[in-house]
Amino acid sequence: MAKKKDEKQKHVSVVTKKSLQFFEEYINNPSPTGFEYPGQKLWLDYLKPYIDESFIDNYGTAVGVINPKAEYRVVIEAHADEISWFVNYITNDGLIYVIRNGGSDHQIAPSKRVNIHTDNGLVKAVFGWPAIHTRGAGEKEEAPALKNIFLDCGCTTKEEVEALGVHVGCVITYEDEFMVLNDRYYVGRALDNRAGGFMIAEVARLLKENKQKLPFALYIVNSVQEEIGLRGAEMIAHRIKPHVAIVTDVTHDTSTPMINKITQGDLACGKGPVVSYAPAVQTNLNKLLIETAEKNDIPFQRQASSRSTGTDTDAFAYSNGGVPSALISLPLRYMHTTVEMIHKEDVDNVISLIYHSLLNIKKDHDFKYNK
Ligand SMILES: [Zn+2]
């Protein structure tokens, strides 16, 4: 029988006013793949009161550690980088063609405002597009593609563009910023996956504020370069050599138009964290997550992945001779656009699920299938 409405547990917010302030600042700060370091500094500054020590590796992956002396090492991880563009070709009349840095979407580019990152600071530009009037009525319309989208930074010669500090290899991010929609959703660019970085930092905050003592070392890891192939996680997994890894990233809400549930599964914002079934996800660790959710009345959804999960989970799982790894995903609408949307309650629930799962991991926990 379905629960009556008044029997439904009232949601208690985990994110505080102060942590939300950090989240907004963190989202508004650009963090393009390969150039994440200013964001990593922001993140570590927020995390510092809740950890014992920290380090940053050669490519910028930031790590906070609790109980660094313990032998058994548990990782909670999210990726820090956001998709962006690279300046690839500047024309003689001062227009700029781009290539992708990560899975940037050509379809949403026209008419967007951007920041070009230069040694002289940010240079403003716009993705121009031919007017509807000039496109020839009745003709087949050309769709935006990498070969025809271009930036206009207000210059009419290549020399003028270069004088602004723009050169081939400068990265480009959208200027869209954080907002709250209907007091229910957080909206912004690159919530994929700085929401993850935020959530693992919140787990550290809860551990500290609730005075929880863990029987293992906890590594809170904000990895670089996920969007181009899980590279930061590969590097840091090798360095930490963890015994367990719990990864958090975003996944698709499939309840909006033009998404096929038959191929993409049935997931929605507001219905809770998503646990994954995939060969890289270690079943006994996954069971621990699910039992934790059930015991603590945390709603959750399920997703299956053919072969790999496409997240840093794979990088941890297949490192160091095999590390028991699992994935807790945050449902998100409109991935890789500038208006990514996540549900406030899902954010709270992912934080709670990671937090309570950590409390269920024992000293020297053995996740092997056959003992
Ligand atoms: Zn992504």
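Yeah, the Cβs are placed from backbone N, Cα and C, and that goes for glycine too.
Listed in sequence order, GLU82, ILE83, ASP249, VAL250, LEU332, MET335, HIS336, GLU340 are the same-chain residues at least 6 apart in sequence whose CB falls under 8 Å from the CB of ASP192 (Zn(2+) 1 binding site). Look at TrEMBL and you will find HIS79, ASP192, ASP249 tagged as Zn(2+) 1 binding site.
Under the heading Zn(2+) 2 binding site, TrEMBL lists ASP192, GLU227, HIS336. According to DSSP, GLU227 (Zn(2+) 2 binding site) sits in a coil region rather than a helix or strand.
Sequence-distant neighbours of GLU226 (active site, proton acceptor) (same chain, 6+ apart, CB under 8 A from its CB) are THR33, HIS79, ALA80, ASP81, ASN193, GLY232, ALA233, ASP249, THR311, ASP312. The active site, proton acceptor feature in TrEMBL is assigned to GLU226.
Proximity of the recorded positions (HIS79, ASP192, GLU226) to ligand 1: a Cβ under 6 Å from the molecule is found for ASP192.
Non-local contacts of GLU227 (Zn(2+) 2 binding site) by the CB criterion (under 8 A, 6+ apart in sequence, same chain) comprise THR33, HIS79, ASP81, GLU82, ILE83, ASN101, GLY102, GLY103. Annotation note: HIS79 (Zn(2+) 1 binding site) sits in a strand segment as assigned by DSSP.
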